[in-house]
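Student: When I checked Swiss-Prot for this same protein, it listed these features:
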{"type": "REPEAT", "residues": "83-112", "note": "repeat 'ANK 1'"}
{"type": "REPEAT", "residues": "114-142", "note": "repeat 'ANK 2'"}
{"type": "REPEAT", "residues": "148-178", "note": "repeat 'ANK 3'"}
{"type": "REPEAT", "residues": "191-221", "note": "repeat 'ANK 4'"}
{"type": "REPEAT", "residues": "225-255", "note": "repeat 'ANK 5'"}
{"type": "REPEAT", "residues": "260-289", "note": "repeat 'ANK 6'"}
{"type": "REPEAT", "residues": "317-354", "note": "repeat 'ANK 7'"}
{"type": "REPEAT", "residues": "358-390", "note": "repeat 'ANK 8'"}
{"type": "REPEAT", "residues": "394-423", "note": "repeat 'ANK 9'"}
{"type": "REGION", "residues": "438-458", "note": "region 'Disordered'"}
{"type": "BINDING", "residues": "Cys616, Cys619, Cys642, Cys647", "note": "Zn(2+) binding site"}
{"type": "REGION", "residues": "727-746", "note": "region 'Disordered'"}
{"type": "COMPBIAS", "residues": "733-746", "note": "compositional bias 'Low complexity'"}
Amino acid sequence: MINILKDILYKSYSYLAFPFFYLGWAIKNSYQPNKTIKEEESKPPKYPKEWSDLFIHSYNNEHEKVLEIIQKEPNSINSVDSLNWTPLHVAVSNKSIEVVTLLLERNIEISIKRYTAFHIAACNGDLNIIEKMITMNRVPNGNILSNDMETSLFLSITNNHFEISEKIMDYYQSSMNSNEFKKMIDQFNVHGVSPLIMSVLRKNLKMIKKLIEEGDADINSFKKDNSTSLHCAAIIDFTEAIEYLLDIGGIELMNSINRYGNSPIHEAAIKGNFKSIQTFINQLKKIIIKNNCSDGDSDKDKLNLLLLEIIDKKDKDGSTPLHLCCNCVNSDNIENNLKSCKVLIEEGGVQVNGIDSGNATALHILACVGEDKSLPLVKYFLSIGSDPTIENKYGWTPIHQAYNNKNIQIYQLLLDHLKLTNSTYKLDIEKKRVFQSSSTSTSSSSSSSSSSSSSSSSSSLLLNKEELKLKGIERLKNVINGIKKGEFKNVIVLSGAGISANAGIPPYRTKDGLLAKNKQFSFSMEILEKHPDVFYQAIRDHFYPIIKASNDNDRDDGISAGIKSTKSHYFINDLNEKYGCLLRNYTQNVDPLQERTGTPTDKIIHAHGSFDQWYCTVCQKQYTDKSDRIWREIGRGGLPFCTEPECRHVIRPNVVFFGEPLSQDFRVNTITDFRKADLLIVMGTSLIVYPFASLVNDVASDVPRLLFNFESTGPFVNTMDLERKEKLKQQQENESGESSNDNDNNELIVEARGNRDIVILGDCDKGVDYFNTLFNSF
């Protein structure tokens, strides 16, 4: 759930970077409950049952008792608890400085992977312990990362411990080689946030300057959504950072585009951050003058044109910053939106009647927004020459927009403006919206019959389908050429249940799937604990193979043993084995069919876990089902129990249950892999389960994306896909009396989507056959 919330918040750039608990605080509150009743204050504090006396005394800063224990048992100093914490971690978390000093003197291990004691001190802002560890030269490697890929430097910056951040930087700069130091400076976390970006988000200009000037931080570093430090500064209205970053990064940084197709000034416009917009314009003027050696009014027009190329640029949706300023429906301060518009027009030279990709002006946008917010902006735009008679691509003016959105005050204001300006525009307020493509006349003709209009629309739709098909095949050939020539070196495949359907494992959500066949079942601890028989019966029915009579050489070797890998599985393996371009296969499947094709395990990440591993939820004993004991027990209708004599609880597969986070491998690898990806292939997944579904947007905006699936989904969907889906649904209901998600249509659809995507819609294996046939045809 946390990962889903983070992905939802990307657009607003509310970065959830603060650790969800301070490590020291967590121990106190987990192990020492609040005492609200007087009698409880006399009770001894509670600690984890696993904690030895050494851990307890270390936590409580009991120097003499700790010394006594480690003198008797020297090896106990490096013992760890279930969190992999040593007595040093525990002492640091509670700021037990005397015990920390003692343990450091006794050569306790300081480089335990993930959170080191140094990480904890940096996170908690404990300057004394940081200084003590530095003075004693007992500091771990600066590039040791936490579970979320955070360095100690990153954690100190995240929590605004500037003095500690300075000391950490200074220490490692003198003790590391330059390459290792640079690696630490630019190390991003699992969300792609670097120390520089975090310093911007924390509005710490001193740290920004120190990272860049002393650490040579990469000013072009970007988050998971491709937002740079300048994007972030624009969003939080950090004008001092904007000025400084632009001085260094220049126009190249200003033109950087994030996942949403926005430059930094687009983001400032969305927020109505007029101060940031003003700073952008002022700094850009200085940069343009400097770059073009302009020294007078003779170059003023050139300067303005160069400026407009940057501040009037359209985003992915065809909107300029001015349009975005006017889309103020969610604005908390409409005055800021008005000031932003004034800055863009009066100081940036943006045209008041400039149009977006839909031929709409800023006034069109305002006419759609509730008049309680947009009325002051409408008055301003009319006062400086905005034309309310310009028609958008549907033939509507701002007057039509206001009328049909029931913004009566704006509607009347626009009508009054027509009278005042003696406009000759002939207003037909009942005019219907009619899409006017670039190939048709912009003038509307009321004499056109409805039949001819319908015919034109139909032929236009057919033309679009044919164009999309031709463009899709052309793009597919380009992808194939790229694979043949070795141009694609880091291909990522996202695969789902659809690629295993032809192996006899139906996707969960179809009429033959696991969820439909057993309404009581869910992948949840609640079902496993309360109804283990229901849980394992569903697992047995869905995953355990129906083994037919076979010869002596065949053997039931566990899950899906009688099920063979599909053409889609072998296609993924070919990317690795034949073409050497597979970087990683991220799969939602918990079956081992991909491994059976010969794909190396290090090339596969099971995002939702795998049935290869099992464990006991009580004693935590791990099981690898090499001997097939677990599946044989499930296959005969029994329950798999823990083999520990004192435990004997029902064990569970190492798959992700509802509400559980995805694996550490998934979180760490995705951020690094998707930055390298040069081709993304999506196969057999509905892209509705997050955070897996969000991965499709994590490749760079110029990376081709190829979808093999029964139907278009996620960002690949267009309006024609919706029409096809509705038509197929009606057809299936007419034939069987019920709706189905199964693919009864043998026809493959190959089409282009957007400016980079290709879809091959239909059965995944047939899509692979088509790909391979085309591959071998030239």
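Cβ from N, Cα, C; glycine included.
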Student: Using DSSP with the three-state reduction, classify Cys616 (Zn(2+) binding site) as helix, strand or coil.
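Tutor: DSSP assigns Cys616 (Zn(2+) binding site) to strand.
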Student: Need one number: mean pLDDT over the repeat 'ANK 1' (83-112).
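Tutor: Averaged over the repeat 'ANK 1' (83-112), per-residue pLDDT gives 89.
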Student: With DSSP as the reference, give the number of residues of the repeat 'ANK 7' (317-354) in helix, strand and coil.
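Tutor: Summed over the repeat 'ANK 7' (317-354), the classes give 20 helix, 0 strand, 18 coil.
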Student: Around the Cβ of Cys647 (Zn(2+) binding site), how many other Cβ atoms lie within 10 Å? Please give the count over every shown protein chain.
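Tutor: There are 14 of them.
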Student: If we count other C-beta atoms within 10 Å, could you say which of the binding-site residues Cys616, Cys619, Cys642 has the fewest?
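Tutor: Result for the binding-site residues Cys616, Cys619, Cys642: minimum number of other Cβ atoms within 10 Å at Cys619.
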Student: Take the mean position of the Cβ atoms of Cys616, Cys619, Cys642, Cys647, the recorded Zn(2+) site. Which other residues of that chain put their Cβ within 8 Å of it?
Tutor: Thr617, Val618, Gln620, Lys621, Thr643, Glu644, Arg648, His649, Ile651
Student: Helix, strand, coil residue numbers for the repeat 'ANK 4' (191-221) per DSSP?
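Tutor: Residue counts for the repeat 'ANK 4' (191-221) by secondary structure: 16 helix, 0 strand, 15 coil.
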